[in-house]
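I have placed the structure first, in the form of structure tokens, so that the comments after it can refer back to it.
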Amino acid sequence: MSGKANPFESLQSQIDSAAVHLDIESDVLDRLKHPERVLETNLSIELDDGRLERFKAFRSQFNGDRGPYKGGIRYHPGVTRDEVKALSGWMVYKCAVVNIPYGGGKGGIVIDPAEYSASELERLTRAFATELRPFIGEDRDIPAPDVNTGQREMNWIKDTYELLENTTEPGVITGKAIESGGSEGRVEATGRSTMIAAREAFNYLDKPIEGARVAVQGYGNAGWIAANLLEEIGATVVAVSDSSGAIYAEDGFDTAAVKSFKNETGTVSDYEDADEEFTNEDLLTLNVDLLVPAALENAIDGDLAEDVDADVIAEAANGPLTPEADEVLTERDVHVIPDILANAGGVTVSYFEWVQNRQRFYWSEERVNEELETIICNAFDDLTSTYEAHDIENFRTAAYVVAIQRVVNAFEEGGTFP
Ligand SMILES: NC(=O)C1=CN([C@@H]2O[C@H](COP(=O)(O)OP(=O)(O)OC[C@H]3O[C@@H](n4cnc5c(N)ncnc54)[C@H](O)[C@@H]3O)[C@@H](O)[C@H]2O)C=CC1
Ligand SMILES: O=C(O)CCC(=O)C(=O)O
């Protein structure tokens with residue numbers, strides 16, 4: 001996690017901004033701002049050289065009013081208890097804004113996975129799955145991938161859970177490999193919803209997406225797919241970055257070629273067809289039509305927001321803007337498509353995966369993408385009609401108004417979503 005803002009306080013401030021537009025009792029509001037429970041555990045595993053090492057891990061279950069807790073597991077040295085709490089809260093409102101029947105959860109292990117072997121990571125992941133076992137289940141809490149985790153880790157968790165429970169329950173986790181019960185389209189889903197949300201926003205704002213100049217911060221699962229699909233619909237991706245630095249091409253990148261280069265070398269820096277290399281800060285303040293932060297929280301704070309030179313920001317990452325940045329950008333008339341909508345494709349296709357697992361009936365990629373398109377477009381329409389009807393200051397607050405109302409309705413109806 002970069003920057004100084006505490007992401008849990010950012011979440012609470014986003015909820016407060018929306019509550020102004022809603023008629024919610026203060027005790028109910030207070031409940032919406034705190035996790036129901038947080039598991040904190042120490043995982044000791046044997047390293048390849050025989051030593052033991054201890055890793056701190058968390059799982060936060062924020063709110064289950066609309067269904068089982070749902071959300072990814074992150075492996076990163078910057079993971080903290082408050083970060084996991086914030087990420088689990090964002091999941092609650094994300095699932096509500098796209099209207100899928102889940103609450104929100106999130107987990108993390110404090111580790112730089114690049115420093116460990118595959119067998120060490122497997123032992124650690126299986127140890128975490130063993131700790132999580134009593135708290136998860138297809139109707140209880142359903143983890144998924146996030147930063148530095150993917151199909152491999154999800155398969156290890158599923159396998160450990162099923163061995164311990166002596167059952168077959170692929171819906172206990174999503175983001176699995178296809179052969180283990182994963183869904184077509186899940187790997188691409190986060191970047192796909194970012195593209196759809198950006199396309200809808202440009203349409204709403206009467207700006208052409210064809211030829212729009214795009215900068216993407218973070219070239220992992222979410223960022224590279226968003227870049228690739230935006231290129232596919234005619235935008236020009238002029239800048240991309242990862243933790244090693246940023247690169248620029250005036251006429252736009254062949255995003256798939258940059259990805260192949262990153263796969264080979266581990267970074268986007270030194271990519272031969274770039275016009276220039278610069279810093280991540282330069283990328284965030286580049287003159288573009290669309291900026292896509294797709295790395296970590298707090299990428300843009302209030303000071304940096306003064307220098308942002310984009311018309312629209314689509315948040316593929318969770319929490320990339322601080323509340324101060326939001327204030328500055330609203331003032332400057334920069335439209336921000338919030339994370340809880342822009343990156344909701346990931347959890348939406350996780351929902352499709354869970355449905356397919358439970359029915360033991362698997363969909364084509366075409367069907368997955370069509371259903372995803374419908375859900376994200378409907379959510380964008382809900383957002384903009386609320387934005388207009390209540391004369392709300394920005395898209396983020398409008399999204400929270402829609403989402404909070406749905407959570408409160410479920411709570412007041414006295415139980416979980418069917
Ligand atoms: N994977 C998923 O399904 C979903 C991911 N997200 C969010 O998207 C964001 C990225 O996640 P993934 O793409 O899955 O992770 P990832 O691990 O595949 O990629 C992260 C990328 O960010 C880069 N990065 C890290 N720090 C950076 C910095 N300071 N400046 C520039 N680049 C930096 C890394 O080098 C890497 O390219 C996170 O906020 C995550 O929570 C949100 C919804 C679903
Ligand atoms: O696929 C999921 O269940 C959750 C993905 C996730 O962690 C997120 O949307 O931030």
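The count begins at 1 with the first shown residue.
Any Cβ shown, glycine's included, is placed from N, Cα and C.
Following the DSSP three-state reduction, the secondary structure of Ser350 (substrate binding site) is helix. Long-range Cβ neighbours of Ser350 (substrate binding site) (same chain, at least 6 residues apart, Cβ-Cβ under 8 Å): Lys70, Ile142, Ala144, Thr174, Gly175, Ser183, Arg186, Ala189. Annotation source TrEMBL lists substrate binding site at Lys70, Lys94, Ser350.
Sequence-distant neighbours of Lys106 (active site, proton donor) (same chain, six or more apart, CB under 8 Å from its CB) are Arg59, Ser60, Phe62, Gly71, Gly72, Ile73, Arg74, Val84, Leu87, Ser88, Trp90, Met91, Asp146, listed in sequence order. What TrEMBL lists as active site, proton donor is Lys106.
Feature annotation from TrEMBL assigns site 'Important for catalysis' to Asp146. Secondary structure at Asp146 (site 'Important for catalysis'), as computed by DSSP, is coil.
TrEMBL lists Thr190, Asn221 with the feature NAD(+) binding site. Annotation note: Asn221 (NAD(+) binding site) sits in a helical segment as assigned by DSSP.
The substrate site, placed at the center of the C-beta atoms of Lys70, Lys94, Ser350, has further neighbours from the same chain whose C-beta lies within 8 angstroms: Gly71, Met91, Cys95, Ile100, Tyr102, Gly104, Ile142, Ala144, Ala344, Gly346, Val347, Thr348, Tyr351. A distance of 12 Å separates the Cα atom of Lys94 (substrate binding site) from that of Thr190 (NAD(+) binding site). Neighbour counts were taken as the number of other C-beta atoms within 10 angstroms of each residue's C-beta; across the binding-site residues Thr190, Asn221, the minimum falls on Asn221. Using a 10 Å radius centred on the Cβ of Asp146 (site 'Important for catalysis') and all shown protein chains, the other Cβ atoms total 25.
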